[in-house]
């Protein structure tokens, strides 16, 4: 029998009935059926006798032919279906590859998005932390602002109170000023009555002044031997002491920036003058004992009224510490000062201004006026003694006084002798007119304590007193040029010596601020 093969019809809308197995298997099966039909046809031709071929053969042949045609049609349909399936498979494969690529891109984008999301999450956390910090700082600043506002309100209240008090004090000052003006008018009336006498005193020379003061110039000074008083005067040291003219009243200045007025008869403190802004390096008192002038390390000169203790002037102009000061023996208005800015300045204290400035290459460490008030005597760190015209500032003469710096210079009461002391340990007495050395004083064991150690001459000009670094005060006889007394009471270097008038004590001060008076 012929094999029957059923071929399914094609479905619509691209949907085809799937054969069992693959399409390639169906095509192969169809080919096998065709080959089998050919073999069967040939078999029937050989086996059936010719006479039997008649109608049966013809019928079989027709059936086989029809079946073969169906097989060819089925094969053609399967071939078309195979081509369509291959095309569809390729399209599906391309679509799958495209979708896989799309999926890969989406996965990459998803990974990037996740990374970016993580980064943004970290940034958000940081921003949140920063925001919390800013919020806390803002709260703290608000608290501080409230405190400052409260303090400002309190300050405004205090300021208003201070203004009210200031206005009240201003009114009181005005009242005191009116009282002072009235007092000034009264004093002016008194001064007018004494005007002629004061004018005469400002113009006379030293000889006339000495004749007015009487016979005390002809008396001799006694050699001090006994300590009368020990006064703890200043903290940090006392570098300057000076007696009032013809008085036992002593002024002292120290490292504590104060000036103290002492009664050497009793050793008691009379007054303390304040207002200086630096250490006191030297002191001077005007010829009428009305004013006290201090040379200070604050580069200024300070002037106090001796009676009231009120500061009258602050003389400014030096560029370095003022180490020496002296007042005119004739006029109470003329003051000379020396500073470590290599200048010597002459001042009119009545006007409160500098009237002359002398500049020199060597610093001046000690200074004094001549007896007539027209010449300035200066001792310098180069060891020289120089004389200057006060009005013109011209150098009149100079002499090499010491091999080292001059530490002290003072004028005798007669005005004829200048005493200089130097770091070389010598004390030289010069004739003012010729600048010749009259006498040189020295002692074994004597040592100059500092660059501003002050020595002095006795009122009768027979003795010289100077302090030593070992705490001793040496007394020399000018005529014999020898030691006549050594005073031992100080426990520190003696910085300054000052002799009062005839019959008045000798005073000395040291680095511990102790003042000793000797009789």
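Keep in mind that glycine also has a Cβ here, set from the backbone N, Cα and C atoms.
Please treat TrEMBL annotations as automatic predictions, because they have not gone through curation.
Feature annotations, reproduced from TrEMBL:
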- 96-194: coiled coil (COILED)
- 61-178: domain 'Autophagy-related protein 16' (DOMAIN)
- 231-272: repeat 'WD' (REPEAT)
- 273-314: repeat 'WD' (REPEAT)
- 315-357: repeat 'WD' (REPEAT)
- 366-398: repeat 'WD' (REPEAT)
- 399-440: repeat 'WD' (REPEAT)
- 458-486: repeat 'WD' (REPEAT)
* May I have the DSSP-based helix, strand and coil counts for the residues of the repeat 'WD' (366-398)? => 0 helix, 20 strand, 13 coil
* Over the repeat 'WD' (315-357), work out the mean pLDDT and round it to an integer. => 94
* Structure fact -> Other same-chain positions with a Cβ less than 8 Å from the repeat 'WD' (231-272) and lying at least 6 residues past its termini are 213, 216, 278-285, 287-289, 292, 294-296, 304, 306, 309, 450, 452, 454, 492, 495-501, 504-505, 507-517
* To do: Run through the repeat 'WD' (273-314) and tell me, per DSSP, how many residues are helix, strand and coil.
  => 0 helix, 23 strand, 19 coil
* Structure fact -> Reduced to three DSSP states, the repeat 'WD' (458-486) has 0 helix, 16 strand, 13 coil
